[in-house]
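Chemist: Would you mind keeping the following structure in view while I ask a few things?
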Amino acid sequence: METLESELTCPICLELFEDPLLLPCAHSLCFNCAHRILVSHCSTSKPLESISAFQCPTCRYVITLNHRGLEGLKRNVTLQNIIDRFQKASLSGPNSPTESRRLQPQRPYTATISGTIAGTIGGGGGTSGSSARGSPATSSHSHSHANHTNHVNHTNANHSPGVVAKMDPRISCQFCEQDPPREAVKTCVTCEVSYCDRCLRATHPNKKPFTSHRLVEPVPDTHIRSLTCLEHENEKVNMYCLVDDQLICALCKLVGRHREHQVSSLSERFDKLKAYQVSPGRVSDAVMEASKTSAAQTLENNLTNLVKRNSELENQMAKLIQICQQVEDEGEGGQMCRRGVIKVNTAMHEAKLVEECDELVEIIRQRKQVIAVKIKESKVMKLRKLAQQIANCRQCLERSSALITQAEQSLKENDHARFLQTARNVAERVAMATASSQVLIPDVNLNEAFDNFALDFSREKKILEGLDYLTAPNPPAIRDELCTASHDTITVHWTSEDEFSVTSYELQYTIYTGQTNFISLYNSADSWMIVPNIKQNHYTVHGLQSGTRYIFFVKAINQAGSRNSEPARLKTNSQPFKLDPKTAHKKLRLSNDCLTMEKDESSLKKSHTPERFSGTGSYGAAGNVFIDSGCHYWEVLLGASTWYAIGVAYKSAPKNEWSGKNSSSWVFSRCNNNFMVRHDGKEMLVEASLQLRRLGVLLDYDNNSLSFYDAMNSQHIHTFEISFLLPVVPTFMIWNKSVMILSGLPVPDFVDGVASDLQEQQQQQMGLCRQESPYLTGMKSCH
């Protein structure tokens, strides 16, 4: 009966057809629902009478109307008769399927509508026909009901779904006129009203159209009222648009802007976003993996991280409470701390403040005495100097006065003989006295006082005005753009706003393991290396692993404490290497720098060693390093060579056969116009440009992958997933021309982006690829 009822349900109103119209496409539609579709197309410039066509909500067929409009469509009399017989059968007794369904507790109305609409629209996939409408609706209803029940049981294991719905101890009848109203016995999800027994019998007789109403155990009003559409007034949302990620109604899908979008039923979207519990006994692992949506994975991951974060916050809060108890006074302080209020012990700090200020005052007093003594000593010294200058001036003045007196007497002599006798002597003495006047007159500085002895304490005053608590310096900032790296060193640069208050810096670093929670990573102190007492704003760390990511923190330290910078992820460059001459085939010629290898048919005299490639046609050479950790990138300049094989191999890989023909080597190979990857004798064709001139190789040993790239066009070619057991060495084979290697390179940005995308794709397709072989075992070898 339920399946039959789904076939008799209108795709618009989700009720049994009422006055059904027979559309030209053979589907049916309620007359009122068809009228609603036409009304939704109306506008100010387009009245109802001018609308001459609409789309079938089931198959999207365009229905053309004549001048009579909907009245011109035929009534589906047969369908109406079937509905009438169905309604009579449903009223035949209380044990009938319809009656039983009406009396059983059901899930919320919106979930039921979602299941029916999902079956009608076909999940947004364009399914048409009435047969496609019934089965999904029924299965969706059953599945959503099971999930709803599981959710309720999980919320409260001691209550049944019906009891949980009655969170309010008493749900009153919303139709009673008496005060207080009687207790409700049923809730009609169609009317969205709760009724007592008397009002239910009065408002819902056993005849059309009330027989199609759905009655459930009493639930609060907020549980049965569905959300309404934002674009179509009074229309309930009953499906989910996957393109715009929003709730929509049926009209949005039929005639609105979502009509070309892929949609899903609310119950289906609910199940995927909330949980995906697929029975392993009914579906394969591949289907289980494929059923997981990225949104659900993100939600679960965020929830897991949030739980971990809460645990860390609880531990952090416990530490803070412990510190708080140490800071608090005894007794009352402990109680305040337990209440979450931190009361600092100010008495100790006030005493310390008084002590420090008293010391400053004592220092000022002592300096005042010292400076006062200096002033007195300077005064005595200056007076002594001035007294000596006065005595010298007095002596010079006396000699000058005596000479002046003698000269005046000579000028008064009238006797020619006596004048001539004394005048020459007096003239010489006066001339000598005039010439040496600067020597005879003492150096007297009339302005010499205390001007060169100034008291300027402005700098000290500013320092005193800035007296305050010494706080820990602000966190420094690591400058990623200034940091440099080699294959075994990283130079870290940072800046600090409080450079003058920093006593020293401390650099901490460890290998980055992919852990996103830096707090947990920082608390694992055993794995951190520490470089203390750094005085500059940069430091070079030596002895690092090549091709490895590291996490760096910089700590700024002074007497008040320390603060850490934000973490920075820096990476060492790839391991540099050259071609090992001891491994080169005798028909290969290596350059002096061992970076270029060339095919040379002339047989060269080379001693045979176990490491040397020696097989017929195995014209290869290996690098001079073995790699057992890190992420390394190198490039091969292929030039005009059209026949080569490049990859990695274990040390135990045979040297008398082509690389990739055994289980110990993995290569990317070109044979004229064919590109392929090869391992363990199995080959698979891959797509690559015939203009490939620079091959990038990314060996991520820690993440068990080997990838090849077209370095010039930034395109990914292929990735091997390898569970490395031993160290590997780069290998190179050529059958014509020459190649050149460039090693020790940083990993390009486009390689990092492609690697992240590949990891996500591999996680999503892991289950689907378990039963498929990644190689074409039957392919004929190009060589």
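Heads up, the Cβ atoms here are built off N, Cα and C, so glycines get one too.
Keep in mind that this is a model prediction, so the values were computed, not measured.
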Chemist: Of 51-85, 296-330, 506-540, 646-680, which range does TrEMBL call coiled coil?
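Modeler: In TrEMBL, the coiled coil feature sits at 296-330.
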Chemist: When the domain 'Fibronectin type-III' (472-575) is classified with DSSP, how many of its residues are helical, how many are strand and how many are coil?
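Modeler: Its residues divide into 15 helix, 46 strand, 43 coil.
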Chemist: So how many of the residues in the domain 'B box-type' (224-266) end up helix, strand or coil by DSSP?
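Modeler: For that range the per-state counts are 7 helix, 11 strand, 25 coil.
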Chemist: So how many of the residues in the domain 'RING-type' (10-60) end up helix, strand or coil by DSSP?
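Modeler: The breakdown for the domain 'RING-type' (10-60) reads 13 helix, 12 strand, 26 coil.
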Chemist: What is the average pLDDT across the domain 'COS' (411-470)?
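Modeler: That region's mean pLDDT is 72.
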